[in-house]
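Record features, source Swiss-Prot:
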- 1-83: topological domain 'Cytoplasmic' (TOPO_DOM)
- 84-104: transmembrane segment (TRANSMEM)
- 105-108: topological domain 'Extracellular' (TOPO_DOM)
- 109-129: transmembrane segment (TRANSMEM)
- 130-161: topological domain 'Cytoplasmic' (TOPO_DOM)
- 162-184: transmembrane segment (TRANSMEM)
- 187-207: transmembrane segment (TRANSMEM)
- 208-215: topological domain 'Cytoplasmic' (TOPO_DOM)
- 216-236: transmembrane segment (TRANSMEM)
- 237-265: topological domain 'Extracellular' (TOPO_DOM)
- 266-286: transmembrane segment (TRANSMEM)
- 287-303: topological domain 'Cytoplasmic' (TOPO_DOM)
- 304-324: transmembrane segment (TRANSMEM)
- 325-347: topological domain 'Extracellular' (TOPO_DOM)
- 348-368: transmembrane segment (TRANSMEM)
- 369-401: topological domain 'Cytoplasmic' (TOPO_DOM)
- 402-422: transmembrane segment (TRANSMEM)
- 423-431: topological domain 'Extracellular' (TOPO_DOM)
- 432-452: transmembrane segment (TRANSMEM)
- 453-471: topological domain 'Cytoplasmic' (TOPO_DOM)
- 472-492: transmembrane segment (TRANSMEM)
- 493-513: topological domain 'Extracellular' (TOPO_DOM)
- 514-534: transmembrane segment (TRANSMEM)
- 535-579: topological domain 'Cytoplasmic' (TOPO_DOM)
Amino acid sequence: MSAKDYDFDIESVLPEEKAPQVSEAKKDYISQESTVLSGQVDFVEPEHKGFFQNLIDGFKPAREADGNGGPALKRGLSTRHMQLMSIGGAIGSGLYVGSGSALADGGPASVIINYILIGIMMFFVIYALGEMAVAYPVAGSFNTYATRFIDPAWGFAVSWNYFFNYFVTFPFELTTCAITFTFWTDVNCAVWISIFLVVVIGINLFGVRVFGEVEFVLALIKVVATVGFIILAIIINCGGVPTDHRGYIGGSIIKQKPFRHGFKGFCSVYTTAAFSFSGTEIVGLAAAEVGDPRKTLPGAVKQVFWRVAIFYIVSLILIGLLISPDDPKLMGNGSASVSPFVLAIQEANIKGLPSVFNAVIIISVISVTNSSTYTAGRTLHGMANLKQAPAFFKYTDRLGRPLIAMIVVLSFGFFAYINEANNNGNDISDTVFDWLLAISGLSNFFTWGSICLSHIMFRLAFKKQGHSLKELGFVSPMGIWGSVIGLGFNILCLMAEFYVSLFPIGGSPNANDFFQGYLAACITLVFFIGYKIYDRSHIPSLDKLDITTGLKTYEYEETKDSSDTGRFRFFKKIINTVC
């Protein structure tokens, strides 16, 4: 009797090789996929060799289970991390301090109107980014999208501009943090720079999980502080503070001078408001380090609505009711004392609270500093994956850290010590930082505009090549027209910045002011043309645009909402969009 006389294949009865069981704690070391595009590889469980040996081994190259040579980023961020990062990501010195100069330049009405307009713009931008980030949770995120969906040369130019923005922001924010301490003490700024430099280096060297936990705590503090200020500001405005001799304020202050410096002041506030939202897009950059982008990113994206509605608009309306735009303290020397939030508390003669809120400002600056190193390092790593930066920046260790890119970024933090050059009675550091920041001053507009244009190209190509939106894990409810509007807003931002750079408030046209405001556009154009000549890249047609590599598609049954039917469907859609 032979095997073929039986009703089964003899190989089917051979014992199968069982996969080893992995505990939940150890699953953190294992990624869900491995592709060259996403930069994800399987993390091999570390051996128990002792703390110091594992610490040393952690710096060794990541082990690539599939042997494809792709660099690795560890998926160590959870839903909890992403949602707090999205809420607190843009709550920082732009809101707490930058709003003061905006109030002085354009008046309270200009501040409120422009922050609402920029909030609407970011609503469209972040939803477009969220859709692409769920579909392509890749290293480099929106910089990768610009390279693939727009033009490789444009992706190269925008990526380097974006990198320089956060690369320079790191030492600048360290200096800002040190200056903020002058609110309490005259201790040399170099002392505080050293302390916070060590702290930031430590946070980043411990990996993305520690980064996520630190940002979670810092964001939570900022959220609580901002909500607390809103409540306090309402009490102050209603005359509920016994130490405030002004009594009931109401709208008496905002009526005096709602607008300042005319149209020029309005345009100036428009660009200042846009800079205040810098960092919102980091949620998309972190997609490559999120365990389940489809479940995590949509919730983080939807938090943009609440961030704009509550933390920016409400708090700035109250600031406009409490602080006069003519207050000379608003245009101070860059310390925390010029914060309109601190001024509002000081004007009410509340003892102790100004120091508390000054501490919150320091925390927010630390958060921005921490995010800057994370963003610059991941951007440089992503560019190396796309061959837009030297290949050695792809190096990733066994803990999922882009080690060489991080070392380069963290090393530039020592540049903050140039602040000591001011001790001799000159302003060398101010001049140097002004021009360093000018190199990438428009990177936000280029990045946000590129996100919208990438989404437009992605949607057009997706439809052209016969795909359905039902295949996507998350779909922007604003669709392609939301991205068109978002792109239009960013073009207006560039036009407004050109206008105020050419005709500065309180001065006549001059080369210094113009190039400090618009140098980034010139440099980006040079990078774009230079890469075009070098690579001879071209814009692909819609039917040839590569939308399949790395695309994560889903069955419609998994993505549709079974409750999205019935008489309340329209209201459910609105609630699902913002909640």
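Heads up, the Cβ atoms here are built off N, Cα and C, so glycines get one too.
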Quiz item: Would you list the DSSP helix, strand and coil counts for the residues of the topological domain 'Cytoplasmic' (208-215)?
Solution: 8 helix, 0 strand, 0 coil
Quiz item: Can we call the transmembrane segment (304-324) and the transmembrane segment (514-534) in contact, meaning three or more C-beta pairs below 8 angstroms at a sequence separation of 6+?
Solution: no
Quiz item: Top stretch among 266-286, 402-422, 514-534 for CB pairs under 8 A with the transmembrane segment (162-184)?
Solution: 402-422
Practice problem: With Cβ distances under 8 Å as the criterion, find the stretch in 109-129, 216-236, 266-286, 402-422, 514-534 that has the most pairs with the transmembrane segment (432-452). | Solution: 514-534
